[in-house]
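Have a look at the structure below, then the notes.
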């Protein structure tokens, strides 16, 4: 790349190269995928070739093999020093080197809500013979939910431990695979039970049927959604930590017995794992696509990142996967305490391990009622009631601090009330005494006795996960931690406080929550579909689930959730199994830049699988709206002959940029100046002989057409409520040509994928106001998600001190809904945060077009810095860097000097045609279209 400094160039500020450290990469090879060959002998030959290539690559790298793949995508997961990747990537056997992104771990009443038990009873589908792969922490096949005994058994018929118990996913820890995929974590066992457990009787024995007349209330643990399906335990995690072995398990799923005959491939694979802010070009997505191409249904958890824009994880965001959000049903199994012989529901603290059993009077404090300050009065073995603030923003302290204070004052335990219908999060407490948080109803019930001084409570570990709790108001509401996406989420399913098999016990259950628990619920229904419709393609199975997801999911306040959180809605088992008409295709328009009138369309294809004539009426049902945006569908009536199909166009119409307004999704909390997108979304519905639905989404934003002619701004701006054109004028520091694409002969200073393009530097500059110093970064392409996969960073020196400013996303402590984007400045030597400022100089109450942009301004308060000229360089951090780059920087600029000199009145000023622009400037027009936001004069 050719870098030209526009200010005085000095020695680089980049830190000296660190000692070689191992990184984990997936080396994609040029050999043929075994699954793409024609015969078993050809498949074995392809595997042999791949293995030879792997051996040469591992030898050349000097690294250590983590796992090799031969079936889906030929390659090897490799832990090697960064310095060795350059030579490695030039080998003729190597197609590409991908940075691995470690993945993390992300029911009887639930089957009632999704009506799956009706499938067992009325349709007689139980998943018989369908093979479900659970890519997770293994399965405790000894548990009664899976029939017990040794591995393999009649339920857990296959699998493999690709990891070993000590594996953590870190580059320095290699897997130690073995043939026994028993679970040492618990997550995979719980997931497997939700998908395909038999169920457990009240006496702890395996439920053997019949499922057609099952009494769900009589069971200790309810069945999974496909109770007769076969399970394969694909263990990719150790007892703790993350994993880079997902690809290995997916590769294995195509040919479990390894004979080169792929007819034994698994039917459904469940992925209750992922990484937040996932990129569509994550290397694991290559394997998901290959499995789908060869007929394997892949169901994946959308992620537990909360209501952040673009936080949804990979590989769930692979378009071919079925991504599942987490909704609530009304039932959960909670912990209990006993008062006067009555068990009351709530939750015990997490940090106290082992058994406990105590009965003691309950007292309250005269002052310091929340216990957040030291407690002077002796509590002498009593249980103390400490008031609890349910607001994260105003709560004085957490459960750990107040439980410590109570323990130091001699308390035997702590009671905490709540006013919320369900708990927002678990409580920590401490390792010495039990803390118990009561439900809202229990809090109200016990308070009169507390005030009368007559309350005595029995707290015991024997009542953990022992008290059934039903809260009808939360049924079909979104779980706050469920991730937000633009268009990748397909459906929602119950995943909050799901009660399923507990590993390490013979027959007990445990409650867990997350999209990890929602995904296997859908995987089981997909298995029922596979049994009922074995001839259907993966696309058709997915369409059946999406088209019939009739459950309307709402926020806690009762507002309907949009496709960005829940896809088409909450799944409906019988409807998915019964439909014989499908609506295939995608009606997501993504981000739409609006400079003129917009008319564009997508096509949905209706397919009649039945032997009858079917008539359907299409219409668009809005959920979130944006002024100036409309969707039109046609024709008004569609008639499908038996076995026939017909296209249905969905047209997006936007009257022009001036009509648009920045309206939020009504479920989005706008506290703390949150950044948000204006999104138009809803459902394309078909009614008549059948009822079907397809999610529809567009994120329109108006664009200005401003430029600089001579010394003045010219062109058309925006001036409509929240959309007002803004300009930042900086002193140009450096410019950079576009990076070439990485390839066989280009392995350094190159872009490895589209995500990396968002970090390809174009211009760098600096400016200052009376109170702020600011750095501007422009890239050659829009970023995937700023502060997630794309993180601009500026290293600078002033007054003899060094600092680092990085673009970050921040949530409020303990919250999952704040979306505040900041420039965070740290002292380089101490890593201490010295300042935080909103990116572009404004929080989300002022639109500066931070989403899907290619320019950003990173401010820092001058009061946090010493005086003097600033020497700086900028780069962009990403997970996806060139094979031989020595760090996490996609691109980096040469060093420049900025002297405050003349200050500007504002970092991002409202701009109008005719405004002056001084010579030597780097100008950001924040609301211009992609590629036109940055220019120099």
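Even glycines carry a Cβ here, placed using N, Cα and C.
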TrEMBL annotation (region 'Disordered') - matching range among 37-66, 67-96: 37-66
Fewest other Cβ within 10 angstroms of its own Cβ, chosen from the active-site residues 136, 187, 516: 187
Helix, strand and coil residues within the compositional bias 'Polar residues' (37-52) as assigned by DSSP: 13 helix, 0 strand, 3 coil
Segment-level pLDDT (mean, integer) for the domain 'Peptidase S8/S53' (127-555): 94
Rounded distance in angstrom between the Cα atoms of residue 516 (active site, charge relay system) and residue 187 (active site, charge relay system): 9
Euclidean distance between Cα atoms of residue 187 (active site, charge relay system) and residue 136 (active site, charge relay system), Å: 7
DSSP three-state assignment (helix, strand or coil) for residue 136 (active site, charge relay system): strand
